[in-house]
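Novice: I'd like to ask some things about the structure below.
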Amino acid sequence: MNPYVLMILMSSLGLGTTLTFTSSHWLLAWMGLEINTLAIIPLMAQHHHPRAVEATTKYFLTQATAAAMIMFASTTNAWITGEWDMNNMSNPLASTMIIIALALKVGLAPMHFWMPEVMQGLDLLTGLILSTWQKLAPFALIIQTAQMVDPLLLTTLGVLSTLVGGWGGLNQTQLRKILAYSSIAHMGWMMIVLQYAPQLTLLALGMYIFMTSAAFLTLKMMSATKINALAMTWSKTPVLTATTALVLLSLGGLPPLTGFMPKWLILQELAKQNLPITATIMALAALLSLYFYLRLCYAMTLTISPNTTNSITPWRTQMNQTSLPLTLSTTITLGLLPMTPAIPMLTT
């Protein structure tokens with residue numbers, strides 16, 4: 001892609017998200033979401049492969065549907081209350097419709113069906129943008145409107161997403177689909193605690209972005225898109241293979257890695273709110289996700305690929321890609337757990 005075109009598209013992505021962040025008017029927020037969608041579409045279709053074009057079309061249709069729902073709900077609210085302000089969503093129908101539309105935007109269950117399909121058709125870097133940056137603007141709106149929505153709806157979305165994200169990833173062999181289901185499960189964790197402690201939702205979103213970035217950048221470095229491609233990586237990049245296994249376990253939420261922090265604090269908050277059954281369901285649903293991360297770790301680090309090669313094993317292959325973003329995200333993914341006691345102090 002032409003670097004000037006790429007710069008314009010990336011700037012538009014940033015502009016759309018910033019516009020949604022700073023707006024308190026529904027029309028402006030809607031405009032930010034639209035700019036965001038239109039900026040990522042050329043990035044998704046840049047390879048001119050039928051699979052990429054199909055994924056782009058599916059993404060465009062779902063995002064357009066969600067945007068139309070947001071516009072309809074905000075217009076209904078403005079018609080009834082007489083103002084477009086986000087903080088005045090007094091009409092229950094409009095606020096419910098807005099949350100459902102935003103859930104469709106980020107791919108929360110049961111509006112998640114587009115997410116794995118779209119992710120499978122993209123290259124790894126566009127998939128990274130889709131599962132990290134594209135979540136920011138809708139989540140900003142979800143956090144602002146969550147206090148005016150029925151708590152049962154938020155809990156249902158959270159529990160369903162965590163269960164679907166766990167079940168869906170179990171029998172996948174494509175890494176991009178596995179990461180898509182992982183994304184759905186993480187979104188569920190963010191939604192479940194949203195009505196009680198929005199600052200923990202932000203913390204979980206931040207940690208999720210770092211962990212997913214580390215996973216996608218590692219796969220990009222290895223050029224791996226299937227599980228069996230991972231089995232060949234130990235001979236080429238042994239150190240990267242070891243850190244990748246830890247990154248995947250961090251995504252699964254195992255201590256003493258960073259991924260344990262948001263899960264720990266969210267379960268603690270649910271217990272404080274006297275919701276032991278919800279907390280138990282969430283903890284058990286996390287085990288489903290952990291299973292498929294462990295499958296990936298097993299394929300990478302505990303099996304020797306059956307392919308016999310007659311050539312000398314290339315222990316050190318030369319990498320042409322920049323490794324600084326990968327190094328930073330991996331370090332954050334593996335080492336932030338000791339910061340946990342400072343988090344409640346920062347968020348209260």
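Glycine residues also receive a Cβ, built from the backbone N, Cα and C atoms like all the rest.
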Novice: Which one of these stretches, 30-48, 239-257, shows up in TrEMBL as transmembrane segment?
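Specialist: Feature transmembrane segment in TrEMBL: residues 239-257.
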Novice: Near the transmembrane segment (202-219), which residues from the same chain, at least 6 beyond its ends, have a CB less than 8 A from one of its CBs?
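Specialist: Sequence-distant neighbours of the transmembrane segment (202-219): 124-125, 127-128, 131-132, 135-136, 139, 143, 175, 179, 182-183, 186, 189-190, 193, 225, 240, 243-244, 247-248, 250-251, 258-259, 261-262, 265-266, 325-326, 329-330, 332-333, 336, 343, 347.
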Novice: So which residues does the transmembrane segment (178-196) touch in its own chain, when a touch means Cβ under 8 Å and the partner is 6 or more beyond its ends?
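Specialist: That would be 106-109, 112, 115-116, 118-120, 127, 131, 135, 139, 142-143, 146-147, 151, 154-155, 157-166, 168-169, 172, 204-205, 208, 212, 215-216, 251, 262-263, 266, 269-270, 272-273, 278, 282, 285-286, 288-289, 292-293, 296.
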Novice: Within the domain 'NADH dehydrogenase subunit 2 C-terminal' (290-343), what mean pLDDT does the predicted structure show?
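Specialist: Taking every residue of the domain 'NADH dehydrogenase subunit 2 C-terminal' (290-343) together, the mean pLDDT is 80.
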Novice: State the non-local partners of the transmembrane segment (92-113) in its own chain: residues 6+ outside its ends, Cβ under 8 Å from one of its Cβ atoms.
Specialist: 33, 62-63, 65-67, 69-70, 72-74, 76-77, 80, 134-135, 138-139, 141-142, 145-146, 148-150, 153-154, 157, 160-161, 163-165, 168, 180, 183-184, 187-188, 191
